[in-house]
Amino acid sequence: MKKRFDIVLISLIVFLSTTFILFYIGEGAKDVMTDVSQTTDLMVNVNTPEKALKILKEGNERFVNDISNLNNVHKKRRDELKNGQHPYAVILTCSDSRISPSLIFNVGLGEIFEVRLAGNVVNEDALASIEYAVKYLETPLIVVMGHEDCGAVISAYDMLNNRTVYSHNLTGLLKKIEPSIKNSNSIEEAIKLNIENSASIVKKDSIISEKLANGSVKIVKGYYSLDGKVNFFE
């Protein structure tokens, strides 16, 4: 009889201990979630290109080192953004599935304004999007970013040198990259020159050039390596 009582007592102790531990863990997780949600106002008042670039560099460093920390993605932040957006950087980059600016720069909702076309090509629609960001959202930093192993640049090379035939619409896009191919000795060199050419087109836009002249906006260029690192240059 005593033996059976001891077994029941031990079972009860184990049950109560487990219940307490689970409750404690749950409360701890709740506290963590609360702490995270309380940091959702991070970076919402960045108004200089220098500060914006610093944030992007720090975020990319976290991404490269696998210590990403996304704060601006929770309910409080989503509710804040119902009142409007104030991104501190507009990123013009390629549509490549391996390139995701928000992940690369470890940023949350409402922090960057993405404009993506294959080969980071600049057309009227891309320029209009960038104009919108700098004029109406007062975004202080423009980043023109290409990347390693860019399929659009490689296709433009094949079209020019190997007479590869592509669809009508794709051919029109690739022709915008051709000048970079003609003035380069390798695909890698063409990718980097294509970044320069796209940035040059953006700088010539009347609305953007005015912002550049008064110092409220800055353009930087970036090259994304597939290991995760973004190297910036001007």
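Each residue, glycine too, has its Cβ placed from N, Cα and C.
TrEMBL does not curate its annotations; it predicts them automatically.
Pulled from TrEMBL:
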type	residues	note
BINDING	CYS94, ASP96, HIS147, CYS150	Zn(2+) binding site
TRANSMEM	7-26	transmembrane segment
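Here the features listed in TrEMBL are painted onto the structure.
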residue : record              : Cβ neighbours (10 Å)
CYS94   : Zn(2+) binding site : 23
ASP96   : Zn(2+) binding site : 20
HIS147  : Zn(2+) binding site : 23
CYS150  : Zn(2+) binding site : 24
Taking the mean position of the Cβ atoms of CYS94, ASP96, HIS147, CYS150 as the Zn(2+) site, which residues outside that list, in the same chain, have a Cβ no more than 8 Å away, listed in sequence order? THR93, SER95, ARG98, ILE99, ALA118, GLY119, ASN120, GLY146, GLU148, ASP149, GLY151, ALA152, VAL153, ILE191, TYR224
